[in-house]
Structure formats: C-alpha cells, structure tokens
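Undergrad: Just lifted these from TrEMBL, have a look:
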- 1-24: region 'Disordered' (REGION)
- 32-54: transmembrane segment (TRANSMEM)
- 66-85: transmembrane segment (TRANSMEM)
- 97-116: transmembrane segment (TRANSMEM)
- 149-170: transmembrane segment (TRANSMEM)
- 182-203: transmembrane segment (TRANSMEM)
- 245-264: transmembrane segment (TRANSMEM)
- 297-314: transmembrane segment (TRANSMEM)
- 321-343: transmembrane segment (TRANSMEM)
Amino acid sequence: MRESSEPESGPVASSTADPQLTAHDRRPGRRWVLLGSLVLAALLLYLAVRGVSWREFIATIRHAKLGFLAVSFGTAHVSMVLRSLRWRVLLSAEKKVAPLTVFWATMAGYLGNNFLPARAGELIRSAALGHKAGLSKSWVFATALTERLLDVVALVLFSLAAVLLLPSSVLGLPSSAWLVRAWKLMGTVGVAGIIIILAAPRFEGPFRRLLERLPGPARLRERLLGMLAQFLSGMRAIANPSRGSAFAGLTILIWLTDAIGATISSRAFGLDLTLPMALMLLAGLGLSSAIPSTPGYVGVYQFVAVAVLVPLGCPRSGVLAYIITSQVVGYTIVTFWGLLGLWRLQVSPAGLRRPDEVSGS
C-alpha cells in the first residue's frame, strides 16, 4: 500500500529518508562488482579501438561540422524535457506535480547515473522528488523503475521495426547478417515482454505464491517480493487508459527525437546514419546500460557503437569520433542541468555520496 508522507524540511539526505529507504548494503561483493566493471570496461574499450586509424580519427574530429552538432544539442534538450513530462504522467496517478519540479529531479537523476555506479541516479531522483512533492519515496521509486522497464521493451520493439526498415543496400552487406538476425530475435522477445508486463498485475497472487515457495534464504525471498511489489505499484500507475496512452505517445516522441538527433549529429563526422540505423544504435546503447559498468558507460558505449554501426558499413574511426563526442556533449548537458536541479531541489552532497535504497514497498 502506498503511504502518505509530509514534505520534510531541510536538504535531501539519508537522514530524511522514508523508513522504507535504507543505506546501501556495503558488502564486499560490491567491490568485486566494481572491479569486474572496470575490467569489462577496459576490455570493451580495447576491442572498440583495436585497429582504428588514429590519424583518421583525429582528422575526423578536427573537421567536424559544428552546425550539425549545434542542432543535435537542441534535440537533446527537447528529449530531456519530454522524458520529464513522461515521468510526470506516471506520477499523476498519485498527485499532480509541477512540470519544472519533475524536470529538475529527472536531470538530478541523470547526473547521478553519469557519475555514480549502479544507476544510483534512479534513487536520487526518487528521493529528491518525493521530498519536494510530499510523495512516498518508495512509490516514486516504483514509478521510476516502471519507466525504465517499459523503456527497455520500447527499445527492443523499435529495434525490430528498424531492422525491417533497413535499406536493401545495408541488408545485403555480409557483415550485417548476424546483426539483423539478433535484432529480430530481440524484437520477438520484446513482444513477449509487453504481453507479460501488461498481464502481470492481474496475476499478483500467483506470482507472490511462486516467490514465497522458492528455495533459498528467506532474505532473498523477501527482497524478490519487495521488487515484485514495487513493480506492480508502478504498473498500476499506467493502468489508466489515458495515462497509458500519454505514456506511449511520449515514448514514441522521445525515441524519434533521439534518433533524429543521432542522424543529424552523425553527419558532423561524415557518417550518413538513416533513421533505422540510429534506432538500432539507440537500442543497443539503451540495453547496454544494464551491464555493470563504470560511471558514464566508458568502454561499453564505444564497443556497442562499433558493434552496431561498423557491420552496417560505417568507418570505425568515424563511429568512435561520433560516439565519444556524443558522450561529451551529453555529459555537458546533464552536468549543467543536473547540478542546477540538485540546487533547486536542495539535495545535499551527503545525499549523493550515500543515496538511499528502496528495500521494500
């Protein structure tokens, strides 16, 4: 059940969290995850840059057409505003929150994701918005998780549509055959995922009984039951037809805006990405964010961009110049608006160093 909470006074920090929010479990296993993330990032970065012509890479950077980058800079801002409006649709199931407040929280969360491990930004934006709007932080966190989960499904479906729309000149490349097969399989999984997600709230009882009967430690079962409760709580926010339609429409607008921005910025580096190619790249980058990685996905994003675009006929040096510049631009935008959002929402440095974790519903 969602709880009602009054706005706390003072900055958001671990001391002002809901009773349901506890500090991160600092088990030694987290250190191994961090070490593994560093090793994986280094390996993927090596694979991405292996064989690249650095002279060609530097020349591509030096001759980048700034006009295209300026336009894509604008589309990135449009996308971020749309994302905050989409989250607001879910939040409206409980309370109408001012659009600007949701925007500040969204950007603060993206800042956390860029500089902190384990997507801690999701916790930061949930705690910050819950504090500012007087909402249960656990419920706000559930809507954030729902938004992320549905985004993954949308990305998979968009990638399937993108494969079907690829021009024959690209589909005929021998190097693209495995990529096309993999994306078609992902699209099938995405369709199944949508069916399961939409049907899940109707089967809460069977799901709970299944988890309660799982073998293993009681703590694990309690954690899984808590995750199920959070997921179902977020899904109920989208069950309303008008909210669901608004969420779906904004999701389409968001990814089309991002794809158009990607096609425009690619031209700054001599690449000629089509809209389907851009959607495939965005899907790969979005799905790769689930991989344990260093903050900012250094290494992971370079590898994904090369793995997706080089088989589609793009030069490796141009792809690397494009993706690295895109990351720098994205960092710049998110850092500026994210820091401003932290200030506007009065999020303390302690709240960033020790983000609260939702452990229950």
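We number each residue from 1, going along the chain as drawn.
Keep in mind that glycine also has a Cβ here, set from the backbone N, Cα and C atoms.
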Undergrad: Tell me whether the transmembrane segment (97-116) sits in contact with the transmembrane segment (321-343), defined here as at least 3 Cβ pairs under 8 Å among residues 6 or more apart in sequence.
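TA: In contact, yes.
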Undergrad: Ranking 66-85, 149-170, 182-203 by Cβ pairs under 8 Å to the transmembrane segment (321-343), which is first?
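TA: Between the candidates 66-85, 149-170, 182-203, the best contact partner of the transmembrane segment (321-343) is 66-85.
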Undergrad: Pairs of Cβ atoms less than 8 Å apart decide it: which stretch in 149-170, 182-203, 245-264, 297-314 has the most with the transmembrane segment (66-85)?
TA: 245-264
Undergrad: Do any residues of this chain, six or more beyond the ends of the transmembrane segment (149-170), have a C-beta under 8 angstroms from a C-beta of it, and if so which?
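TA: Hits for the transmembrane segment (149-170): 176, 180, 183-184, 186-191, 193-194, 197, 231, 234, 238, 247, 251, 255, 274-277, 279-280, 282-284, 286-287, 290, 312-313.
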